[in-house]
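Taken straight from TrEMBL:
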{"type": "ACT_SITE", "residues": "E438", "note": "active site, proton acceptor"}
{"type": "BINDING", "residues": "T147, G186", "note": "FAD binding site"}
{"type": "DOMAIN", "residues": "27-140", "note": "domain 'Acyl-coenzyme A oxidase N-terminal'"}
{"type": "DOMAIN", "residues": "144-260", "note": "domain 'Acyl-CoA oxidase/dehydrogenase middle'"}
{"type": "DOMAIN", "residues": "290-453", "note": "domain 'Acyl-CoA oxidase C-alpha1'"}
{"type": "DOMAIN", "residues": "506-690", "note": "domain 'Acyl-CoA oxidase C-terminal'"}
Amino acid sequence: MYCPKTYENEKKNEDLEFERSQSTFSISELNLILNKNDKNIMNIKNEIKKMIENDEIISKPQEIHLLSREEQYKRALYVSSKIVDIKKRFGEIGGDLYYQTLFEEIPFVINDIVFACAFKSLASEEQMNKLYPKFQNYQYLGSYAQTEIGHGSNVQGIETTCTYIKETGEFELNSPTLTSTKYWIGGLGKLATHTIVFAQLLIASSSNNGNLKNYGPHPFLLQVRGLDDHLPLKGITVGDIGPKLGFNSLDNGYLRLDHVRIPRENMLSRFFRVNENGEYEKPKHPKLIYAGMVGVRSNMIENSFVCLSRAVTIAIRYSTIRKQFKANQSDKQEKKIIEYSNQMNRILPYLAQTFAFFFAGKRFSVEFDQMMIAVKKDQDTTLLSELHANSSGLKSLMTQSTSDGIESCRLSCGGHGYSQFSGIPYLWANYVHMSSAEGESNLLPQQTTKYLLSILRKVTTDLSSSSDDKLVIGQSVQYIKDEFESSFENINQFIKEKSLNSILHPDSLLQLFKHRSFVLIKSIGSSIQEQMSNGNKDIPQIWSDLNVEINHCSKAHCQLYVVQSFYDQILLLSSNDTSNSTIIVLIQLLQTYCVWIINTNFVDFLQDQYVELAQIDFLKNSLINFYKLLRPNLVPLVDSFDLCNATLGSALGSYNGDVYSTLYKWSSTQPFNKNSIPLGFNENIKPLINSKL
Ligand SMILES: CCCCCCCCCCCCC/C=C/C(=O)SCCNC(=O)CCNC(=O)[C@H](O)C(C)(C)COP(=O)(O)OP(=O)(O)OC[C@H]1O[C@@H](n2cnc3c(N)ncnc32)[C@H](O)[C@@H]1OP(=O)(O)O
Ligand SMILES: Cc1cc2nc3c(=O)[nH]c(=O)nc-3n(C[C@H](O)[C@H](O)[C@H](O)COP(=O)(O)OP(=O)(O)OC[C@H]3O[C@@H](n4cnc5c(N)ncnc54)[C@H](O)[C@@H]3O)c2cc1C
């Protein structure tokens with residue numbers, strides 16, 4: 001591990017040293033688990049941390065808050081340039097781990113993740129071999145231009161056109177209206193040399209009397225800037241969209257195209273193409289064009305653990321150092337704020353969630369990679385529907401709940417949590433876009449529930465009937481079939497037999513989550529059926545009226561996915577040589593997460609008297625007991641994330657906890673304090689102070 005060793009010569013905070021002495025499990029063993037038991041990953045991370053903490057600029061993340069937009073961006077380009085050294089030393093994996101270790105976001109993340117996901121999914125092998133190395137080596141810098149100022153969620157509604165010109169064998173890209181202006185395009189405002197433009201593909205067809213036929217949105221590679229002078233090319237208007245809530249080290253851009261010609265070969269043609277005669281060869285699955293977005297959502301799902309772990313680390317270390325009020329006047333010291341149960345209630349559910357999200361993200365990324373291999377091999381889309389549904393719901397749940405967790409951790413630090421020097425406001429401001437970007441969190445869960453309803457339909461109708469036999473019942477939705485086939489009595493018996501305590505067994509908790517999700521899916525299906533049997537045929541309106549329940553249903557399914565992932569990993573770890581003490585604390589974290597979700601969604605679990613009020617009451621009262629069980633291990637648990645100080649950028653959460661001296665030093669040395677008399681004072685305020693009434 002990086003932290004203990006690197007900071008061993010620093011002044012120790014006695015509170016943190018005491019907390020570390022209470023650990024009941026092996027921190028390094030848990031850290032290895034959080035690195036997927038891959039010592040190579042750990043070593044690369046440690047090398048990157050060393051590089052970052054020794055870099056004159058990157059080692060001082062707190063200085064970001066003192067810079068103008070231009071200075072922030074200049075700093076970001078410097079930090080971006082360092083990734084080349086990282087990749088030379090460690091290859092592609094070094095890039096991912098570099099991003100996970102940086103305090104700040106950098107524009108290269110678009111080329112390396114957003115553009116890369118799309119290009120690797122949509123480009124043909126020939127295009128990959130010819131072009132991708134240039135993006136990997138940053139000779140080209142890519143971006144992804146799908147959203148327009150008038151359309152984001154509704155991809156089918158985008159207005160940019162791409163017309164095939166048979167005479168010259170070219171495509172012509174055009175922005176026909178103001179609302180067709182590409183907007184929000186990450187990395188495009190100042191940096192990108194290329195972008196993947198999504199445009200309505202128009203081809204004149206003899207079968208359509210020579211009129212243009214629209215084949216829907218397709219991806220086209222466009223060079224935006226000259227490689228020698230970095231100026232926009234002919235017909236291209238491009239710029240930065242302006243200041244944002246956060247993510248300001250990135251240049252989100254706008255783009256307008258004035259009849260820009262590109263070669264026919266610039267259509268990304270893994271799944272579809274236009275031949276020189278203007279004939280369109282369609283994909284095996286109509287939505288393979290969206291595969292790139294699933295890839296970025298997979299990154300965001302994995303990244304929720306990365307960001308939430310930073311917030312809980314800062315909040316827990318600070319909460320074991322900060323003291324307020326004596327419990328008894330005779331006490332020598334005031335009470336550590338972590339000892340207040342409402343302080344624990346602000347932080348510990350999200351500590352448990354951090355671990356839950358790690359295991360869920362780990363599982364999803366394996367499933368995503370398996371799906372992409374199948375899709376690329378022979379456009380085998382068997383797994384695509386399930387992956388799209390799960391990525392939509394999980395990305396929505398995990399990003400929103402991570403944002404909530406970062407904010408809860410900020411609140412737990414009191415006034416100091418509102419200082420940029422706590423490291424939390426910047427983390428939060430840079431993170432919250434994840435609920436909008438790559439698919440809005442009110443929109444995507446509908447895709448999940450639509451899929452769940454199709455599985456319920458398949459399960460409940462006779463398999464020989466018209467049910468969609470292409471639809472495979474994937475592993476993550478097998479519970480729908482099981483719940484449907486298990487008589488209610490059996491399941492009910494399963495829970496009722498449980499004595500109060502055993503309802504806390506992970507098997508029982510998992511079963512509660514399965515049944516909860518099944519009941520919600522069934523309820524929506526029944527509501528739609530009821531509306532239709534009452535003669536209402538306006539399906540879009542019925543669906544819109546049910547939006548809230550639909551999104552909640554997706555959330556329940558995804559929370560089950562998280563619980564199942566966490567529990568499966570614990571069972572796997574306990575079957576190999578993981579020490580029992582680590583397993584015990586992981587089970588406590590799983591139980592804390594489950595009971596917290598149950599406590600905040602009581603109605604779901606009471607829906608069909610599946611559990612009795614006495615059991616719910618018992619669960620409600622058990623949360624505080626889990627907090628107490630976890631209490632001795634709180635600092636060791638966040639130490640197991642092994643986050644270096646330059647990653648946290650926090651005066652409140654550093655490894656050795658020198659909170660007050662760091663906070664005062666950063667405050668007193670900031671440039672704003674260089675001059676006692678602030679700019680503007682003499683001309684605006686001094687006359688008032690000196691005025692005579
Ligand atoms: C490593 C550490 C660092 C990590 C850092 C993290 C990430 C990096 C930082 C990120 C920075 C931000 C970058 C942001 C980029 C962007 O925002 S890019 C733009 C994103 N835009 C969207 O997400 C738009 C959302 N809208 C849609 O996806 C679609 O419009 C829709 C909502 C899915 C609707 O699709 P539509 O075609 O209109 O119709 P439907 O009828 O709903 O779908 C038809 C069928 O197709 C299936 N389907 C839809 N989408 C997909 C898909 N992606 N994959 C597979 N299948 C899909 C859908 O289920 C339907 O299927 P059937 O029901 O069987 O017909
Ligand atoms: C930081 C950031 C980076 C981004 N980077 C990129 C990028 O690199 N490339 C790119 O192409 N795009 C990018 N985007 C754009 C992003 O993909 C869109 O903002 C997102 O898809 C949402 O679309 P919209 O903004 O048009 O919102 P809208 O679709 O207009 O949604 C607005 C509101 O209406 C609701 N709504 C819309 N439709 C429905 C419906 N059917 N049912 C219920 N509610 C609905 C939404 O839930 C939302 O609450 C980025 C955005 C951000 C914030």
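Heads up, the Cβ atoms here are built off N, Cα and C, so glycines get one too.
Positions of TrEMBL features highlighted on the structure.
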residue : record                       : CB count, 10 Å
T147    : FAD binding site             : 20
G186    : FAD binding site             : 27
E438    : active site, proton acceptor : 24
| Could you tell me the C-alpha distance between G186 (FAD binding site) and E438 (active site, proton acceptor) in angstrom, no decimals? | 11
| Cα distance (Å, whole number) from T147 (FAD binding site) to the residue listed as 'active site, proton acceptor' | 10
